[in-house]
Amino acid sequence: MDIPVELRDYSKRRESEEAVANEGNSDDDGNEYLSGLRLTYLFLALILCMLLAVIDLTITATAVPHITDEFHSLNDIGWYASVFFMTVASSQSSWGKIYRYFDLKNMFLLAMGIFELGNVICGAAPTSNALIVGRAITGIGAAGVIAGCFTVAAFAVRPSKRPAFTGGLAATYGVGSSIGPIIGGVLSDRVSWRWCFYINLPIGGFAAIVLFLFFKSPAHSRNEADHRASWREKMLQMDFPGFFCCIAAVTCLLLALLWGGTTKSWNSSDVIGTLVGFFLFTALFAVVEWKSGERAMVVPRIMKQRVVLFGTIGGFFAGGAQFVLVYYVPIYFQAILGTSAQDSGVRNLPYIIGSTITTIVAGTTISATGYFTPLIVGGGALWTVSAGLIYTWSPTTTTGQWIGYQALAGLAVGLCYQPPILAAQALAAPTDVAATSAILLFFQTMGGAFMVSAAQTAFSNGLIHKLVQYSPGTDVQAVIATGLQELRVRYTGAELEAIIQSYMDGLKISFAIIIALTGASTVAGIFMPWKSFKTIQAEKNVENSD
């Protein structure tokens with residue numbers, strides 16, 4: 001998982017400007033920073049906030065079977081992830097501007113409140129639709145919490161201590177997104193899937209109280225010109241038209257994908273209408289962004305840069321592959337191998353460990369050499385190979401195979417997932433770093449939203465088709481309505497074998513989508529600049545000096 005660095009980079013730029021203005025006075029720059037116990041409490045609160053927000057990205061991956069057991073909502077699996085990614089991506093840029101134009105402390109607490117409200121709705125959801133609404137609200141809050149953690153750290157922590165502080169937040173982001181499936185599995189098996197959401201309430205409440213008591217918005221976090229801007233200008237900066245067009249377009253596509261071939265035929269008026277709506281809102285979004293210029297969520301001027309253009313294309317496919325893998329591998333373990341939700345999360349450890357190791361290696365390599373494209377292309381090629389190996393999984397796959405193939409995939413992901421953002425940041429103008437980071441994050445997260453839904457549609461259609469073929473007398477809708485944990489209780493013998501094989505064939509289609517996505521991401525990476533970013537920067541400096 002890559003770290004949403006939009007506001008952290010913006011803050012770093014502000015730090016650089018402040019350092020110049022104060023002629024290198026470093027910590028003694030006249031600004032107010034926290035220290036002692038207040039700083040310790042703030043660090044604890046921000047770590048907890050970050051951990052809760054990023055765990056929510058993947059915690060439902062292993063909780064899904066228990067959710068489907070209760071709601072009999074196999075067709076909604078794609079929504080539980082996609083709607084969360086959709087709102088995180090769409091609101092990321094808006095939160096960055098909210099922190100810029102309004103009081104930092106109050107807006108961070110507002111983000112926490114929205115995040116907690118969404119989790120209350122999820123935990124108490126009486127229906128699958130209510131859970132989906134809760135996930136959407138939670139995503140909006142999570143985007144603000146993640147961005148806010150880095151922003152608060154940048155303004156509240158003394159410059160000499162800031163690298164270690166933000167490094168702790170970054171490490172928390174990586175760990176949290178990786179352990180989400182494990183925590184989701186443990187809570188679902190031992191307590192209830194609802195505690196995947198309720199657990200956020202006491203911990204998040206404690207963190208919010210600590211922030212309220214021990215943190216106040218530093219004076220230097222307020223840019224008076226921004227805060228004095230008219231309400232009209234502040235609202236224009238939020239790019240609400242772009243936000244709503246984006247949400248509408250994605251919602252239309254998700255509805256079409258989740259309806260098509262399962263609850264409605266592909267040629268039904270509802271499916272066709274939502275597809276038409278997707279294209280119309282996408283076109284409208286493009287027009288709005290073009291007209292909005294520098295106020296846009298996706299700034300057209302920045303998108304024209306080669307590293308950004310192909311970074312977003314590759315990032316979209318890579319984000320899709322990443323989240324399809326995270327969400328559908330646990331289904332393989334539970335439906336095909338019959339493991340519990342907890343065990344399916346633990347069986348993801350080879351992937352988690354592999355990706356953690358090579359993410360560190362990739363970052364170190366790029367910092368030392370400046371070369372990023374070889375990692376993107378090489379890692380992408382290795383990821384495609386590992387996806388092909390995962391495609392070969394079956395009900396008789398050995399332990400060594402599922403461990404080895406996942407470990408290989410994790411090693412590959414770590415090499416190629418983060419570098420496009422690092423490269424785009426390194427080559428962007430200082431004033432464009434934040435916007436560039438936000439654009440790449442937007443497309444990576446949207447890739448997850450789209451492709452998890454596409455994989456769900458492919459999986460459901462494949463399951464239905466094969467079940468009719470393997471076991472004509474089985475009630476297809478009854479199987480779909482049966483949760484994964486109930487399959488081996490409700491069905492036995494040859495009928496159960498047919499159902500498991502049908503699940504396997506459906507999963508293979510989802511795994512094939514991962515192969516296509518990783519391959520497309522690798523091809524996009526080929527068109528990234530092959531020079532070291534240090535060389536490119538030096539060439540730009542020479543041009544500017546001339």
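Here the Cβ of each residue, glycine as well, is placed from N, Cα and C on the backbone.
What Swiss-Prot records for this protein:
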- Asn267: N-linked glycosylation site (CARBOHYD)
- 39-59: transmembrane segment (TRANSMEM)
- 107-127: transmembrane segment (TRANSMEM)
- 137-157: transmembrane segment (TRANSMEM)
- 167-187: transmembrane segment (TRANSMEM)
- 195-215: transmembrane segment (TRANSMEM)
- 240-260: transmembrane segment (TRANSMEM)
- 270-290: transmembrane segment (TRANSMEM)
- 307-327: transmembrane segment (TRANSMEM)
- 370-390: transmembrane segment (TRANSMEM)
- 402-422: transmembrane segment (TRANSMEM)
- 433-453: transmembrane segment (TRANSMEM)
- 509-529: transmembrane segment (TRANSMEM)
> Hey, what's the Cβ neighbour count for the residue listed as 'N-linked glycosylation site' at 10 Å?
Replying inline: 8
> Counting Cβ pairs under 8 Å to the transmembrane segment (39-59), which of 195-215, 240-260, 307-327, 402-422, 433-453 comes out on top?
Replying inline: 195-215
>> Please identify the stretch among 195-215, 270-290, 433-453 with the greatest number of Cβ pairs below 8 Å relative to the transmembrane segment (240-260).
In response: 270-290
> When you check the transmembrane segment (509-529) against the transmembrane segment (107-127), do you get at least 3 Cβ pairs under 8 Å, counting only pairs 6 or more apart in sequence?
Replying inline: no
>> I'm a bit unsure how to read this: which one of 107-127, 195-215, 270-290, 307-327, 433-453 has the highest number of Cβ pairs shorter than 8 Å with the transmembrane segment (402-422)?
In response: 307-327
> Out of 107-127, 195-215, 270-290, 307-327, which stretch touches the transmembrane segment (433-453) the most, going by CB pairs under 8 Å?
Replying inline: 307-327
> Between 107-127, 270-290, 307-327, who has the most Cβ pairs under 8 Å to the transmembrane segment (195-215)?
Replying inline: 107-127
